[in-house]
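Taken straight from TrEMBL:
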TRANSMEM  22-43  transmembrane segment
TRANSMEM  50-69  transmembrane segment
TRANSMEM  81-101  transmembrane segment
TRANSMEM  201-220  transmembrane segment
TRANSMEM  240-258  transmembrane segment
TRANSMEM  265-285  transmembrane segment
TRANSMEM  305-323  transmembrane segment
Amino acid sequence: MSQRDLKEAFVSNLNGTSLQEVALGSFLTPLCLISRGLILTLYHQARGTLPLPLPLISHLLLDFCVLILPLVLSCTVLSTVLHQVILSLAFVSACVFCYIYRANSHRFARHTQNTVSAFLQSHVQFDQLPFVTIFRVIVNVKTAISILAVDFSIFPRRYAKTETYGTGVMDFGVGAYVFANALVCPEARGKNISGSKVNHITKQVLAVWPLVVLGMGRLVSLKMSGYHEHVTEYGVHWNFFFTLAIVRVVASVLLAFLPASRSWVIALLISGFYQFTLETSGLKAFVIHNNDRERSFLHANKEGIFSVVGYVAIYMAGVQTLVEPVSRRLANLPFGLWSVAQLKFW
């Protein structure tokens, strides 16, 4: 086999991992965020001041060591002992929290009680929800790590995208990426359509030009360089940039005529109808088993084209997550309870 064939075989015919392992891995990020907060709290308790000395460098190193490095290690050298890593980190965080609580209770018992009470009664004073930013950042970081690592043997094969059935971490990642994009779309942020609906849809079509350019750039560079391609992932000419562009346009068209507050209904209808069509027609066999890719553009890119339907359903679910009045209720939560809700979101 040629080097290209070997590389294609390395990322092909994979079956993924269990949903339990994917869910377990999702606990790592909130634990890292909690650990970062506890470290800063310990420093403030010891020195009585924040930020750290040389904040540009020290905070960058802290964030890299506490937030980025654990994500890299969890999908490489520590992937076989991930459950032990998470349990150990949770145990250490709990011990540090108890230490901080006891130290405060001995020194400033009344002050601590008043501070906690004020914290629980305080409210978020802005419309933006920080957990959205955190979620989007972590999704992008995890995506970058996985894309760069998947071609190396140190990245577990069970984390890569599956061939037909199953769930890999990267399968979960592409869905999370679409979901994260939906959280910041104009409809989710409650922006009203200015002008006619046709003009609004036209603006949304023009707004996706960077994704189209990136998709064309990736397509041209792959064809010219002869770099190996996993054709059964998206097709011969398709890639994820095209998917993101089409999903954005389709969702904008739907939300121009349907209320954003009922986007969860649209998501259920789309996913239910698509699954029903797969099971009751020949579409499933066509997508999975038909290899006549030279017949038409649809045949050549069937995986990418038909996957758009599922991604639109995920996108609509993401819109519902923050659409009014849900975001208003979140913003009106007491800050302490909102922080707990922030962690539950993960």
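Placed from the backbone N, Cα and C atoms, the Cβ positions cover glycine too.
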Handout entry: Distant-in-sequence neighbours of the transmembrane segment (22-43), which means Cβ under 8 A and at least six residues beyond its ends
Key = 50, 52, 62-63, 66-67, 70-71, 74-75, 82-83, 85-86, 89-90, 92-93, 96-97, 100, 134, 138, 167, 169, 172, 343, 346
Problem - Residue numbers, six or more beyond the limits of the transmembrane segment (240-258), whose CB comes under 8 Å of its CB atoms - result: 174, 177-178, 181-182, 185, 187, 193, 197, 200-201, 204-205, 207-208, 211-212, 214-215, 218, 234, 266, 304, 307-308, 311-312, 315-316, 319
